[in-house]
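Undergrad: So TrEMBL lists these for the protein:
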BINDING   ARG20, HIS141, THR369  substrate binding site
BINDING   GLY116, TYR117, SER187, HIS215, THR243  pyridoxal 5'-phosphate binding site
DOMAIN    45-397  domain 'Aminotransferase class I/classII large'
MOD_RES   LYS246  N6-(pyridoxal phosphate)lysine
Amino acid sequence: MLLDHLQAKLDDLRAQSLTRFTRVAETGTAPRQIVRGADGLARELLMFCSNDYLGLAAHPEIAQALAEGAQIYGGGSGASPLVSGHSRAHHEVESQLADWFSPWIPNAKAIGFCTGYMANLAVVATLGDAQAEIFSETLNHASLIDGTRLAKATVTRYAHVDLEDLRARLAASTARIKLIVTDAVFSMDGDIAPLPGLLALAEAFDAWLIVDDAHGFGVLGASGAGAVEHFGLRSERLIVMGTLGKSAGLAGAFVVAHATITDYLLQAARNYIFSTASPPAVEHALLTSFSLIRGSQGQQRREQLTALQARLRQGMTALLDRHPALPWRLAPSSTPIQPLIIGGNAEVMALAAALEQKGLRVPGIRPPTVPKGEARLRVTLCATHTNDDVDRLLAALEDCA
Ligand SMILES: *Cc1c(COP(=O)(O)O)cnc(C)c1O
């Protein structure tokens, strides 16, 4: 019965061109990767899909730091952080993050999590107690939405980047605790949330601003601290979540906020308390990652990303001008996430397959990840891409246009 039930659902997904599958990567994360496709054959593809924006995942210094961490600490952490899993390296990562963010968040303290998904569940569900109202941006990441589902708070959604809509909802609220929750860089669109306006509303309505900077950390700001540095914000009301599996090239996540907030998360966040701490070698390597991000290499890589973005946007705009009948649309993005909106599910998957035939991997993103009728190619750029790589993508898209 269960099997029939699930098979019917799988058949339905297939009929809507919504089936997903994993591919086996035979080599490390890099613009050129050997990937085994659905046909079982391994081939080298030029990848425009990872979130390793700074190209640190395969950086030799990080690989070396991981090996060194394994020499010092061995493999797993063995227990949750409050039991015995919290190593010297975990401690050092948290204190470096607190120090790094102190220009933007007074009295900052950081707390580490194994993944961004866990960190978002923790911060939204734990702070969103029965006395709270959560104001959640419509295009928020699934993990933030799941956090609101776990929270005891009232949940109100506000329209995408719409400060007036949010203002009206805040004004109508009688909740004692108000939490505004937003992605900093929207993961499927690449646009940046209007954080200065959101923070001004938080201040005007005695609310707190939870910012998921999964895609901004490492990429935005002079030191790579992300969106809060990019905008030069400063407030105790900022609660920033960052992931360490994207630009930082490793794994994990953090929440950095006023010390009272992180102290409370440590006492009450169930997925912090009841889950094994991340491997200490990963934390040890994160220290190398942080110094790369904050140093001259990070800066050069951020400059390279900006140049690649400009080249791609210029080329795409010219391509769309040459084909005015084509329904494709380039999303207005100033980040390494550069989506090309195609429309239908079958169309976007056919285009992704055609690109793969040409040796390029650009993932098609379909509902429910994006709204119906807005299926898209989600192009992501990495600092380790070259101008030639971008030109190859543009030429392949021109062939398919
Ligand atoms: C990737 C992502 C997460 C989850 O982070 P993981 O460390 O991959 O679990 C959370 N929020 C956003 C916006 C993301 O893109």
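Using the three backbone atoms N, Cα and C, a Cβ is placed for every residue, glycine included.
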Undergrad: Around the pyridoxal 5'-phosphate site (GLY116, TYR117, SER187, HIS215, THR243), what further same-chain residues have their C-beta within 8 angstroms of the site's C-beta centre?
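TA: Near the pyridoxal 5'-phosphate site, the remaining chain residues are ASN51, ASN120, HIS141, SER143, ASP212, ALA214, GLY245, LYS246, ALA253.
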Undergrad: Which secondary structure state does DSSP assign to GLY116 (pyridoxal 5'-phosphate binding site), in the simple three-class scheme?
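TA: SS state of GLY116 (pyridoxal 5'-phosphate binding site) = helix.
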Undergrad: Using C-alpha atoms only, work out the spacing between TYR117 (pyridoxal 5'-phosphate binding site) and ARG20 (substrate binding site) and round it to an integer in Å.
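TA: TYR117 (pyridoxal 5'-phosphate binding site) and ARG20 (substrate binding site) have their Cα atoms 20 Å apart.
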Undergrad: What three-state secondary structure does DSSP assign to HIS215 (pyridoxal 5'-phosphate binding site)?
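TA: In the DSSP reduction, HIS215 (pyridoxal 5'-phosphate binding site) maps to coil.
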Undergrad: Of ARG20, HIS141, LYS246, THR369, which recorded positions are close to HIS215 (pyridoxal 5'-phosphate binding site), meaning a Cα within 10 Å of its Cα?
TA: LYS246
Undergrad: Is any of ARG20, GLY116, TYR117, HIS141, SER187, THR369 (binding-site residues) within Cβ reach of ligand 1, i.e. under 6 A, and which?
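TA: Near the molecule: GLY116, TYR117, HIS141, SER187.
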Undergrad: If you measure from the Cα of THR243 (pyridoxal 5'-phosphate binding site), which of the binding-site residues ARG20, HIS141, THR369 is the nearest?
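TA: Among ARG20, HIS141, THR369, HIS141.
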